[in-house]
Every structure is written in structure tokens, then in C-alpha cells.
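Novice: Just passing along the structure, written as C-alpha cells.
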Protein chains: 2
Amino acid sequence: MTHEAGIPLGIRFKLLSDTPQDSAAQVVSDVVVGDYRDLDTLREFARGCDVITFDHEHVPTEHLRALEADGIPVRPGPDALVHAQDKGVMRAKLDAIGVPCPRHRIVADPEDVVRFAAEGDGFPVVLKTVRGGYDGKGVWVVETAEEASDPFRAGVPVLAEEKIDYVRELAANVVRSPHGQAVAYPVVESQQVNGVCDTVIAPAPGLDEDLALRAEEMALRIAKELGVVGHLAVELFEIRNDDGSSGVLVNELAMRPHNSGHWTQDGAITSQFANHVRAVLDLPLGDPRPRAPWTVMVNVLGGDYPDMYSAYLHCMARDPKLKIHMYGKDVKPGRKVGHVNTYGDDLDDVLERARHAAGYLRGTITE
Amino acid sequence: MTHEAGIPLGIRFKLLSDTPQDSAAQVVSDVVVGDYRDLDTLREFARGCDVITFDHEHVPTEHLRALEADGIPVRPGPDALVHAQDKGVMRAKLDAIGVPCPRHRIVADPEDVVRFAAEGDGFPVVLKTVRGGYDGKGVWVVETAEEASDPFRAGVPVLAEEKIDYVRELAANVVRSPHGQAVAYPVVESQQVNGVCDTVIAPAPGLDEDLALRAEEMALRIAKELGVVGHLAVELFEIRNDDGSSGVLVNELAMRPHNSGHWTQDGAITSQFANHVRAVLDLPLGDPRPRAPWTVMVNVLGGDYPDMYSAYLHCMARDPKLKIHMYGKDVKPGRKVGHVNTYGDDLDDVLERARHAAGYLRGTITE
């Protein structure tokens, strides 16, 4: 999708891909298949690149520092990216700059989890390995000390967080360029199913205007304080305070075009992918404002039927305004294989169309 | 641009390209460099393709028939495409189905041009070689028999047409699928400079609603009668009849995504490129309606400076809503190297923004 956004800008990509079957490898012309964890592979790949960027956060921080030492611009740079790679580093930094987060600390072992619970309102407690998790992987919600033993088996530091009784999940997406220009997309509502993003509504319905503005400002401030270049997604919990006022706490950070920003492809003047490319090349950023009153994105997960072709025909025929984005992945149950975007004036209609299409493609809706 | 539109649909292209530097060859992953005039090259290329389509009309008709005989679906097929390849065949067919055209006939030599002129209102007469021309190439406007000798030197039949005193040029863009579904984009105004498309305004400002509807219906009927599959651009002259009423005459046909439809990338719910791909694969077509009251496309022609980078920065910074589409071509004076799209509620503003950006990129505007 980043390649797609780069084509009209005249930007050419060289892709380092795990396999020739990866989604991006199917559509980019200059592909190197190799392991992003191997420094020699990275160095060989980086030769001749004007700038390096990512569609995931898993390239080892020390390898990125080595590429920078070789003179290759890495954007976002390792000093910023580490905050999206390591939840412990992220929480420490957000604390230091005064950004509200769930109560948290690194815990040593299951007994320490019990102490962490007792320091606050008790169980349940959320445990996260500080590195390697996404889409609900590497995250446990535990009720007892016994349940708290699993996360420690990976040999990675474990972060404990209070379980937030949130109103809903939001996301604030911003893009920042090396010389400090930044843009903020409208704050969206993000609905998860089984820990995986299912639906995004832009803008978040009924969100207090002042809170929306504060969330955008917070995301812009995080981008600046962490030295982010490119797209930053700030996943938020919307909470109701004891005095009845609303607030937000930061859940996670992602430094790349993010699922909560896929709606921008069809719903914003400039997509998150185009603005990420513009930012990493230090080009002036594009207008992030929405083109329609409501845009909805629903992820298409793989269902029981590997061949989506007839469902695909049905969805296109049923809704000529539907925007389908397929990733060229083999269908496996629960795997994100694409998403659909819809937009319009009537939120109920926009939501129904997106949910019907995604459900039909998955096979959970058959009429 | 067709590849770009195919990515979200999950459509993968194999490209036959003249050179590795062609615009499409820079961004498509599966590229064969070869000569489209060579049947063996075409046959070798076509092996394993589900369907063949084009971004120009110059593949020899007889080669396309050979591919069809080999069992390769060619869309649009040679029986349709010949009407966009040969202006003599096109005029004869449009006459046969009762579509209004400028007065015309094939002429044998310069003396015959004089007779053609005398049969109507006299000189000037427009002469066109029946094959091989576009963007004003292969077209002559002659005032005398002496001037009429050039077109006959190519050894290709020459078509004479009355020179139309038109109000303006319009284009009706439609897309038709093999099973007969068809959609019509709003009729646009197309402004030419030195025979090359410069500006397209969608929809055509002030166009009589009834005439717009008739033009769309005419384009849909041409697509059906000629058996077009994919995108058909019908270039039209808007004329004022003696009784004061307005009408249209068909100027040219193009069977591929067309410059008069580039505005759809940012201005329509479904772009001409996406609908062309959907049509040639017999997928249900997407909604062709506009997303904004006005969309303007202005072509970016090469100017005197080969490096557009600083102009590119200026345009992005000046207008964050600007949509730039660059083709990755080397800049040569007068060469189409890209286009810009703008959209909005105020036509004057939308026009000014597009013209400023295109002029700045070309170097004809410097502030």
C-alpha cells in the first residue's frame, strides 16, 4: 500500500522481503528476499537507498544504528523506533514527558505481579512482553498469580499494567517530517474483536471536541518528543473520570502506517501511506482532513473458504461504491487478508455497508 | 496508473514494455521488454495471461486476432479496437449506426481534397492519416491544395473532414464489461493547447443537462455497437446549431484509460483505471460518480529545466490538497511527464490551483 501511494509521487521502492510471496513483494518491481534480522543482508540491501523505512517495527535497533553509522538515513530512526519496539522504554519515556498511561511497571516474576496488583486495585492485571507482540500476541490478562507465569517463559522482560475499564478505544494518527512539519488525522474509534482490530470509524462518533483536540495535540507532542519521522499511531483508551469528565490514556504506539489509518486511503485528502512517504523523504506533507463526513474501515479476515472470488464478485456488485483492498495473501482462518472502506453522510449506512462486505468476504454473512 | 489501480483489487500485471525505462516498467514487478509489433514476442508474452489489455492502441489488429485464435482473451478485442486504430473504419461505423460526425470521406490525393472542400463549405479542411496519429500528430489543417500534399507522403489512406467551428471540446468516458454492464462518467470539458490536451474540467461547466445526457447515452451506445470492453473515451465537439440549439459531433475514439479521464483518480468514486481493470476481468463495475462538485486535471509538460525537484517541493508546500501524478519520465520540452488534480466546491479556485501547479512544474510560472 505504501508502494501504491508512492507511484503517483514518482517514488520508487526497493523492498527487503522475508519471502517472494509477501504482499509487497507481489507488486514492487525491485525486491530483495532476505532476513531483516541479519546485519549483512541489511547492509547489502541498503547500499544505494536514499532512505530506509519500514512496514513493521521488528528490525533490531542495533542493526538500525549500524546502518545509520554507515551513513544511510533510517526514518523513523532507531532512537525513535525503540519506543515502538520496547514497551518498557515506551512507558518510561511517556512517564518522563508527562503523557497519561495506565499504571504500570516492569515485574520480575509471578509474585511481583501479585505485589503490582496489590499496589493498585488488585487483579485483573495486563502483562505484556516488552518486545515482539502485536495484535494481541504477547499480551495476557491474568486474574491470579498462577495465571501470571506464562509471560515470563519467553525470557523477555515483562511489563505489568492495570486493566483499564475504558469507554472505548481510540487512535490518534499523526505524521511528522525531519524538519518538524507535522499533521494530525482526525481521532478515530477503533473496535477490537479478540484483540484484533476489526472496525475503525473516522472520526470517532460523539467524541468530545475538546478531548479530540487534546488527543491530537498529545500525539503530535509524542511524535516531537520521541523524534518520530513518518507515521505515528497512538492507540488510546477513552476513560470516564470519577468527576464524569472524559480523558485518554496511551495504550500502544506504532511507527508506520497503521491499521487505524487504513480508512485514509479513501477517506482523507492525503492517505497515511502517502504522508508517510512524504515524511521520510522530507517532502511537504499533504492535507490530512477527511473527504466525507464518515469513513469506516473493516478488516477482512480469512474464513473457512480459501477462495474468496465469488464473494468478491458479490460485494462489488452489491455496492458499487465499496472500496476493496486485498493483500494478495493466502486465506487462513483469522488472518488479515484485506480491508474494505466505505464513506458517506450517514454513519449507519456506511457502517452497514462495510460490515456486510467484510462479513461476506469472510463467509460469516451469506445473504 | 493501471497497475496502481489494480493493487487494491488484488490484480497482478505482467507488462510488455518497449524499454525498461517506460513509466509502467518502473513500477510493475513482472516486466518483459519486447516489441509489441512482433507476433512471436506477443505469443510468448501472452502465455499464462488470463486476459490481455492495453495502454495504447498500436498493437497490430492481425496480431490481436492471432492471440485470440490462440485462446487468449484480448479486451478490448480486435474487432472493437480497430475502430480506435483506423479512423476510416471508425467513421464508416459511426455513420452506419447514425452517430453524428463531421462531414468526411477518404480522399485519394490533393486534387481530391479540393473536390472534398467544394462539396461542402470549402477550405479549411482537416486531413488525418487513418492510422498512427495521436495528440495532434497525423493531423493537418489545410487551406489550399498545395498544403494538402504532406499527408499523402506516409503511404497511408487519408481521411478528409470538414473543420468544425466548435464551441468547445468535450469528452464522454464510459466503461463496458463483457457481459454488457456499463457505466458513464460525467461529460467533461477538454481544453487543448497546440493539439495536446492541457486542461480537463469535470463536469463540463454550464453544459446543458439534456445534451450531457445525450452525450453519455451516445458514448454508451457506441461502446455497445462496437463491442468495446474496457474504457472508451469519446472525444466530442460541442456545436451551436443554426437554430441556436446545442449538439455534439464525435471527433475521436480511444479504447483505454484516457487523458480526459485522469481526473477520476482523485475526483470520482471509482477511477477510470480501476473500472478498466474491472471491465477487462468481467468484475462488476464501480460507481463512476464524482466525489466533489468540481475536479480539474492539468497536464504537466516538460519545460526547459530537466530537474523538477524544487518545483515539486514548492507545489506540495503551497497546496497541501494538490494531487500530483508523475510518470517517472525524463523531462523533455513539451513531453507529458505527469498531471495534477485538484477538486473542491469553487471552480475558479480549483482551476487556479491546478494551473498554478502545472505551470510551476513546467517552469512557466515562477512565483
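Using the three backbone atoms N, Cα and C, a Cβ is placed for every residue, glycine included.
Keep in mind that TrEMBL annotations are predicted by a computer and have not been checked by a curator.
Below are the features listed in TrEMBL for this protein:
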type	residues	note
BINDING	B:LYS87, B:LYS128, B:GLU161, B:GLU162, B:LYS163, B:ILE164, B:GLU169, B:ASN251, B:GLU252	ATP binding site
DOMAIN	B:91-281	domain 'ATP-grasp'
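Each of these features: where is it, how hidden is it, and who are its neighbours?
Specialist: Just so you know, the Cβ of B:LYS87 (ATP binding site) picks up 25 other Cβ atoms within 10 Å once every protein chain is counted.
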Novice: For B:GLU161 (ATP binding site), name the DSSP secondary structure in the helix/strand/coil scheme.
Specialist: strand
Novice: Judged by the number of other CB atoms within 10 angstroms, which among B:GLU161, B:GLU169, B:GLU252 is the least packed of the binding-site residues?
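Specialist: Looking at the binding-site residues B:GLU161, B:GLU169, B:GLU252, the Cβ with the fewest others within 10 Å is that of B:GLU252.
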Novice: Cβ-Cβ under 8 Å from B:LYS163 (ATP binding site), same chain, 6 or more residues apart: which ones?
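Specialist: Set apart from B:LYS163 (ATP binding site) by at least 6 residues yet with Cβ under 8 Å, we have B:PRO102, B:PRO124, B:VAL125, B:VAL126, B:VAL141.
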